[in-house]
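Trainee: I am attaching a structure below and will ask some questions about it afterwards.
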């Protein structure tokens, strides 16, 4: 069988500096816009619970479609750098419009077009990094990819507190204007990245792999949809829960989210080290169990410092489930790493889609009930992971 292999190109660590800056900037843009989106739609735009849930459902669906189509295009042609630039420019335009528009339907249109295309930045960036590393013959690809992920976590340390400050001082206009500016910077940084051209084909004998049904993989996908859905619902609910039910401020929201992101960094690195020694499924199971503790605690908290203290548990959940998730999926399907990674990303997108209508339901009831829903999803996800155990022979 003939496959296409890429010829090695001299690899230099310094060549990762522009890509590292892109990674940090993309993370900062997301960390500014995402945490306060539900509060923006509810308080500033005046969206009803149904409208809020619809917005948070349709937006990730549009992002899923855009990322999938652009991913296929980037695999077929040497245009990944160009797509990174397009994603950054559409992000700058989209969030620039968010700064000045307050009509729900127009914002929904912007979110499902410009912002949806911008959502392809993250998967395209990691795909670009992997392609550069593979062509350079680097043996440190997993470590470097983890480093890029850590930069995104660092951006989430600074992003939510900065977003809270911007909302307090300049309102949502200032917040989204700053977000658009960050995406503009991403576009400029991406211009410094070289396009990775397709390599000449190399003859290589590879054993054919029968696709076959993979029930363990399917169970794992469903489990991660539920586990990440619980995490996503908890994140989008937090600003509303803190400000409208616990009596906190937007500054409190920013500090709490920044604290969680800060805790994730050493935990993610630690789990990454453990993943080479301990079964990755075990680490994910640990995260799922801790998730039961976190969401259970959020049903009982009554002050902002209670919520801040609970972020220790939340950081463990996010680091184990979302930090180890890609490696876990790739271990389930080692012959199809691209497919496995895509399924992990898609599970996260579907999870975000679940969070929208559930938040709308919690808005009708009380925001605290959202954490009860997250608790139920975590429990169901844990059960599915236990059912997805390896076969013993």
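Note: Cβ is positioned from N, Cα and C throughout, glycine not excepted.
TrEMBL labels come from automatic prediction, so no person has curated them.
Sharing the feature lines straight out of TrEMBL:
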type	residues	note
DOMAIN	15-393	domain 'Major facilitator superfamily (MFS) profile'
TRANSMEM	21-43	transmembrane segment
TRANSMEM	49-70	transmembrane segment
TRANSMEM	82-101	transmembrane segment
TRANSMEM	107-129	transmembrane segment
TRANSMEM	141-159	transmembrane segment
TRANSMEM	171-191	transmembrane segment
TRANSMEM	217-241	transmembrane segment
TRANSMEM	253-275	transmembrane segment
TRANSMEM	282-301	transmembrane segment
TRANSMEM	307-329	transmembrane segment
TRANSMEM	341-364	transmembrane segment
TRANSMEM	370-388	transmembrane segment
Trainee: Do the transmembrane segment (49-70) and the transmembrane segment (107-129) come close, with at least three CB pairs under 8 A (pairs 6 or more apart in sequence)?
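Mentor: Yes; at least 3 Cβ pairs under 8 Å.
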Trainee: Under a Cβ pair cut-off of under 8 Å, which of the recorded stretches 21-43, 107-129, 217-241, 282-301, 307-329 contacts the transmembrane segment (341-364) most often?
Mentor: 217-241
Trainee: What else in the chain is close to the transmembrane segment (82-101), if you only count residues 6 or more beyond its ends and a Cβ gap under 8 Å?
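Mentor: Same-chain contacts beyond the flanks: 22, 29, 33, 40, 70, 73-74, 107, 110-111, 113-115, 117-121, 124-125, 128, 172-177, 179-181, 183-184, 186-187, 190-191, 193, 195.
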Trainee: Of the stretches 107-129, 253-275, 282-301, 307-329, 370-388, which racks up the most C-beta pairs under 8 Å with the transmembrane segment (217-241)?
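Mentor: Counting Cβ pairs under 8 Å, the winner is 370-388.
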Trainee: Could you pull out which residues elsewhere in the chain have a CB under 8 Å from any CB of the transmembrane segment (171-191), counting only those six or more residues past its ends?
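Mentor: Here the qualifying positions are 18, 21-22, 25-26, 28-29, 32-33, 36, 40, 44, 81, 84-85, 88-89, 91-96, 98-100, 118, 121, 162-163.
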Trainee: Under 8 Å for C-beta pairs, could you tell me which stretch among 21-43, 253-275, 307-329, 370-388 has the largest tally with the transmembrane segment (107-129)?
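Mentor: Selected stretch: 21-43, with the most Cβ pairs under 8 Å.
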Trainee: Test of understanding: applying the rule of at least three C-beta pairs under 8 Å (pairs 6 or more apart in sequence), is the transmembrane segment (21-43) touching the transmembrane segment (307-329)?
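Mentor: Not in contact, no.
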Trainee: Checking distant contacts: for the transmembrane segment (282-301), what same-chain residues at least six beyond its ends satisfy Cβ-Cβ under 8 A?
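Mentor: Same-chain contacts beyond the flanks: 223, 227, 230-231, 234, 241, 246, 271, 274-275, 307, 310, 313-314, 316-321, 324-325, 328, 368, 371-372, 374-375, 378-379, 381-382, 385-386.
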